[in-house]
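Undergrad: Annotations per TrEMBL:
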- B:99-252: domain 'Cytochrome c' (DOMAIN)
- B:112, B:115, B:116, B:236: heme c binding site (BINDING)
- B:141-154: compositional bias 'Acidic residues' (COMPBIAS)
- B:141-169: region 'Disordered' (REGION)
- B:280-298: transmembrane segment (TRANSMEM)
């Protein structure tokens, strides 16, 4: 326990810039991971109900520009 | 104990005799209590009677005003309560079925839009939820809209764009009333939010027209009978019959199917943010549950010393005698 605490202190809390960077990067990383996970769960719950699941039936064949066909 | 009643009756008898002396008409009686009752003066009885009458009367008046069951909204006036249907999109983590929204929009366009406006919905909001950009552009261009005044101040017509709102069937409410026998077809943009019962009410209304009004029901001329409509007389006639529209995805167009689709579409029109709202709600509840568990743990951690301590009382040792 003491080893973990001292290691944590030496690696993160000793220098403020390291600490702040850890906080910000951790926030971004957590949000990305959380959003990805929950979106995946959401899409699995609502499989076949959302527009992106039925969109392919109605989009014209790519003869013309299809870049304006966004979500 | 035996002496107590005797002691108590003595003053009463004295009082009774005194009053008897004053009011000579009263007859003397043997027992002390009845003597006291009969000997009370007339105005006391009158006051008590008046107070009783006032009390009973005020209670009766209050009950008359507020106590009775109010018949202001009879079932006939309020309309039949709609059936609770198990709407899939009512569930906490379910989006709209966008295929159904597309069918519902088709029903609106081919059936409802001849009388009902949907003027808060622009074409652009249908893009990406119900139809593609090309479909909506083509649909918008079928209608003409006013331009900004040109250099001469003339207002010209231009084909519709994605940013235009879905055109109304009538120019204004007066024109709508004039065309519909005095009844105004309400705007459907927020109708699911605007009516008690929401989807259930509109679905029941659309599918609830009986073949003919039940015996005893009075239907004014020009109105139709619908038990779900408040007052039961509705100007809109039954519109949804089996096979009225032909769905592009091959779904059998029964009346209830069309009603279900158009109700879901109207729910989308009233709450286009529902899908994102529920998704965000799921995330918020997840994070909130995590933070709540964390706060519970921190509280128990901080209180553990307080909860597990032992308080011992050592009485001061007094001097020996």
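Heads up, the Cβ atoms here are built off N, Cα and C, so glycines get one too.
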Undergrad: Apart from its near flanks, which chain residues at least 6 from the ends of the compositional bias 'Acidic residues' (B:141-154) lie with a Cβ under 8 angstroms of it?
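TA: For the compositional bias 'Acidic residues' (B:141-154), the nonlocal Cβ contacts are 160-161, 164, 167.
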Undergrad: Identify all same-chain residues not among B:112, B:115, B:116, B:236 whose C-beta atom falls within 8 angstroms of the centroid of the heme c site's C-beta atoms; report them in sequence order.
TA: B:111, B:113, B:114, B:185, B:188, B:239
Undergrad: Of all the Cα pairs drawn from B:112, B:115, B:116, B:236, the residues the record ties to heme c, which distance is largest, in Å?
TA: 11
Undergrad: Could you check the binding-site residues B:112, B:236 and say which one's CB has the fewest neighbouring CB atoms inside 10 Å?
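TA: The binding-site residues B:112, B:236 were compared, and B:236 has the fewest Cβ atoms within 10 Å.
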Undergrad: Applying a 10 Å Cβ distance cut-off over all chains shown, what neighbour count does residue B:115 (heme c binding site) have?
TA: 20
